Amino acid sequence: MENGEIEGAADDGVPVPAPPNGRRYRPVGSSDRAVIQMTSMEPGSSSSTAVAAVSGITPQPPRNLTVDPSMQEDHTVSQGDSKLELFGFDSLVNILGLKSMTGEQIQAPSSPRDGEDVAITIGRPKETGPKFGTMMGVFVPCLQNILGIIYYIRFTWIVGMAGVWQSLVLVSFCGACTFLTGISLSAIATNGAMKGGGPYYLIGRALGPEVGVSIGLCFFLGNAVAGSMYVLGAVETFLDAVPSAGFFKESVTVVNNTLVNGTATASTATISTPSLHDLQVYGVIVTILLCFIVFGGVKIINKVAPAFLIPVLFSLLCIYLGVFIAPRHNAPKGITGLSITTFKDNWGSEYQRTNNAGVPDPNGSIYWDFNALVGLFFPAVTGIMAGSNRSASLKDTQRSIPIGTLSATLTTTAMYLFSVLLFGALATREELLTDRLLTATVAWPAPAVIYIGIILSTLGAALQSLTGAPRLLAAIANDDILPVLNYFKVSEGAEPHSATLFTAFICICCVVIGNLDLITPTITMFFLLCYAGVNLSCFLLDLLDAPSWRPRWKFHHWSLSLVGALLCVVIMFLISWSFTVVSLALASLIYYYVSLKGKAGDWGDGFKSAYFQLALRSLRSLGANQVHPKNWYPIPLIFCRPWGKLPENVPCHPKLADFANCMKKKGRGMSIFVSIIDGDYHELAEDAKTACRQLDTYIEYKRCEGVAEIIVAPSMSEGFRSIVQTMGLGNLKPNIIVMRYPEIWRRENLIQIPSTFVSIINDCIIANKAVVIVKGLDEWPNEYQRQYGTIDLYWIVRDGGLMLLLSQLLLTKETFESCKIQVFCIAEEDTDAEELKADVKKFLYDLRMHAEVIVVTMKSWEPHMESSSSGAPQDDSQEAYTSAQRRISTYLSEMKETAQREGHPLMEDGKQVVVNEQKIEKFLYTMFKLNSTILRYSRMAAVVLVSLPPPPLNHPAYFYMEYMDLLVENVPRMLIVRGYRRDVVTFFT
């Protein structure tokens, strides 16, 4: 079809049939949003007049596309009105382009390998709820998640334990990690549209499904466990504020050593602490109540969320006001107000033992140091993913996520550093360590304000965790990578109730543990693992710098991402090497499980780009020079269906892949499986795609490392000639052509096979490709059929050692490892057999090959019949020889009669041939003698390898086929081998 023709109807309404070949095009319509509507190409034209001129034609949807009827407009541009009629229009390209732009990555069929049935519903993404800007969409959620329970009930304790200067180092260290992660997150998030799943989506699309799922599940666990941490923090604060609400009472005796007038004195004090059982009971109740809110859906959560944000900001204001006006008249003695003396006393660290509640105790079971404090404090800087988790609700993700995330990170880090200085100068170390809610004690106007603020802020953070974690799990399940997660799948817009129940179960289990200081290191590991994944993703994408890597956030560099990833790993080991090993082992187990059981997925991840660039670099490093024999690998091109006698649903002979595996040492190497379809490419393109998919499935089923290619050509000879010239790149071109011997040609009366067979062999010789023809492929053993006996080589001509190498490769397989190699040297009558045998033995010894050498002397050619002295083998060969003579004589007579009748020289398949009857008899007799020798010595061999004679020039292909038939007659399993003009083995180390 020409570009101007329309698939649909002409101006007069008469349908225009689409031609059988070629793409189907229609003119550009006004409803086609992917192209520019040109409205001013003529004087006086305008968009209004152009639209008014629209009439008549409703374009038909292309094949394999399901078009949403609601999106089909009633008006399109007719053929005569189209200004871009010359260019034509491919609706498939347009639809795929539109879907790609809206974030639905649909692969456009462009080759037989890409061909899939595409079902597309045309339509714009539905608007889902209000959109938020940078402040409310990213900055505030990040701030709310970062400022959590750790700041209120543990930060003053950390300052008292680590001292001012180590607390500053601690905050800077953890803040640098999250800031660098925020830079990496900003770069990835601004490189395209984001879907649900937050960091899982980013990591999975950058590092692949396996890494994405493994880190995503760990991040899900981190969020679920973080919910329990927030619940415990809220309950602990409530019990501290209202001790009478506890069902169980627990007190701790604190021993303080002081120095008075040079004499050490010890003072004891008894303080009440929340009971573990109270934490468990209230924690489970609060978790269940929060789950009821989560089950109410996003609308209820969005209405409740502001109530948890305002108390956070108000409580911070009250804390700072209280710090600056301290001490008040009723303040404890330990609160000195902002004092330089107190600041100096608290400058250094004073690590000591505490009980499970964090109260100093010389006999306590927990000893704190800087590494342990990193694990305790790091959750106070997490929460930077809150904005990316809400990408679907943002007006402009590529602007809001970088600005909002990094602003929240810098704001909280600056606030933490400022708070270290304030708290270090506010109270004595004893007060910092024993008053678990010092922030409430100093707050203005009353501690109750802080208690309420802490409880509401932590419950809000817990609500966010219980809301985000199920959606993360549902996003992983919806990607359909891990079948075991199918239970958590949800339809678009539905609430993930199953995932919410599972998250609540994990949260309740952690609440039952009841120890906040033991839970936080676990959360830290999972969050650090996720942050390391984000940094590694940006590092890989930045380093590869693929054409698709064009983030709008320009302030990034691969070195910053690498430093961020290393910081994450260092912090993990600083906290606890045992927790680190466990978390990495868990992620590795999930990775292995996904790679083993997960479904295949290609998200265009960075690893694929890395493999591509590595392959290009390796290919360039190989150069165009010949590979040294020490580095030579067989790259077989497997000719799958050369003679066309397999069922249509069988893409390749079942034993060809078994034989291809036998040509590789320990599976190293690559095979190229090729099949040729006779016909016109435009007509058979879809058939080629289907055949390619079937062949790919066959290769995967046979566990053979190889690729499938389907070629459509007018004839098998032309198709093979194209393959042998163009297949492969540089030194990765196939060097061995493997195909089945056409045993069926005479039985099926396929008279075209001889000429095709000869043409293929001649093409291989001209292209300098080795040839391996397998006779008896139906009887070729699989990997479970062990063979015994010998592998016999009939070494007639020098082939660069290919035949010897093939025999050694066969021995490396379990099927043939029990066999021994015998080398038969075919010598003329006047050759010194013993000298030849010694030379061959020395040659094999230098090649590190173990084989028995046998010299067979054949009499010079004499056109006479010999009597058999060895019984059946000679009789079998004799019968085949006589039959071949008779068929050749008949065929030659017919050729002569045809040439005489039509008055032209001897012709075969339209080509002139030269017939020398004496040479024909000589060639035939040589094959007879060789076949007789093979049957005499190697009838029971596991495999026989023999040299392939090249087709004589201008010789009838039918005669050559008769020679080959006589050679392989009655030999059950044979490899006919022809090397090429180079060595594949070497003496040297």
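Every residue, even glycine, has its Cβ placed from backbone N, Cα and C.
As recorded in Swiss-Prot:
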- Asn256: N-linked glycosylation site (CARBOHYD)
- Asn261: N-linked glycosylation site (CARBOHYD)
- Asn363: N-linked glycosylation site (CARBOHYD)
- 1-132: topological domain 'Cytoplasmic' (TOPO_DOM)
- 154-167: topological domain 'Extracellular' (TOPO_DOM)
- 189-214: topological domain 'Cytoplasmic' (TOPO_DOM)
- 236-280: topological domain 'Extracellular' (TOPO_DOM)
- 326-365: topological domain 'Extracellular' (TOPO_DOM)
- 387-405: topological domain 'Cytoplasmic' (TOPO_DOM)
- 427-441: topological domain 'Extracellular' (TOPO_DOM)
- 463-498: topological domain 'Cytoplasmic' (TOPO_DOM)
- 544-551: topological domain 'Cytoplasmic' (TOPO_DOM)
- 573-578: topological domain 'Extracellular' (TOPO_DOM)
- 600-989: topological domain 'Cytoplasmic' (TOPO_DOM)
- 133-153: transmembrane segment (TRANSMEM)
- 168-188: transmembrane segment (TRANSMEM)
- 215-235: transmembrane segment (TRANSMEM)
- 281-301: transmembrane segment (TRANSMEM)
- 305-325: transmembrane segment (TRANSMEM)
- 366-386: transmembrane segment (TRANSMEM)
- 406-426: transmembrane segment (TRANSMEM)
- 442-462: transmembrane segment (TRANSMEM)
- 499-519: transmembrane segment (TRANSMEM)
- 523-543: transmembrane segment (TRANSMEM)
- 552-572: transmembrane segment (TRANSMEM)
- 579-599: transmembrane segment (TRANSMEM)
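Taking residue pairs at least 6 apart in sequence, the transmembrane segment (215-235) and the transmembrane segment (579-599) share three or more C-beta contacts under 8 angstroms. Non-local neighbours of the transmembrane segment (552-572) in the same chain are 173-174, 176-177, 180-181, 183-184, 186-187, 189-191, 374, 378, 398-399, 402, 524-525, 528-529, 531-532, 535-536, 538-539, 542-543, 579-580, 583; each lies 6+ residues outside the stretch with a CB under 8 Å from one of its CB atoms. For the transmembrane segment (366-386), the residues of the chain that approach it from at least six positions outside its boundaries are 138, 141-142, 144-148, 150-151, 154-155, 158, 161-162, 166, 170-171, 173-175, 177-178, 181-182, 185, 198-199, 226, 229, 349, 351-356, 405, 408-409, 412-413, 416, 461, 464, 468, 517, 520-521, 523-524, 527-528, 530, 571, 574-576, 579, judged by C-beta separation under 8 angstroms. Scored by C-beta pairs under 8 angstroms, the transmembrane segment (133-153) has its highest count with 442-462, from the stretches 168-188, 215-235, 281-301, 406-426, 442-462. According to DSSP, the topological domain 'Cytoplasmic' (189-214) comprises 16 helix, 0 strand, 10 coil. The topological domain 'Extracellular' (326-365): residue composition by secondary structure is 6 helix, 4 strand, 30 coil, according to DSSP. Secondary structure of the topological domain 'Cytoplasmic' (387-405) per DSSP, as helix, strand and coil residue counts: 15 helix, 1 strand, 3 coil. Within 10 Å of the C-beta atom of Asn363 (N-linked glycosylation site) sit 8 other C-beta atoms, taking all shown protein chains into account. Between the transmembrane segment (281-301) and the transmembrane segment (442-462) there are 3 or more Cβ pairs closer than 8 Å, counting only residues 6 or more apart in sequence, so the two stretches are in contact.
Remote same-chain residues near the topological domain 'Cytoplasmic' (544-551) are listed as 186-188, 190-191, 604, 606, 609-610, 613 (criterion: CB distance under 8 Å, separation of at least six residues from the stretch ends). Residue counts for the topological domain 'Cytoplasmic' (463-498) by DSSP state, with H, G and I taken as helix and E and B as strand, are 24 helix, 0 strand, 12 coil. The list of residues near the transmembrane segment (406-426) in space but at least 6 beyond its ends in sequence, with Cβ under 8 angstroms from a Cβ of it, reads 138-139, 142-143, 146-147, 151, 155-156, 159, 163-164, 167-168, 171-172, 175, 178-179, 182-183, 186, 316, 320, 323, 326, 335-340, 342-343, 346-347, 380-381, 383-384, 387, 432, 438, 442. Counting residues of the topological domain 'Extracellular' (154-167) by DSSP class, helix then strand then coil, yields 13 helix, 0 strand, 1 coil.
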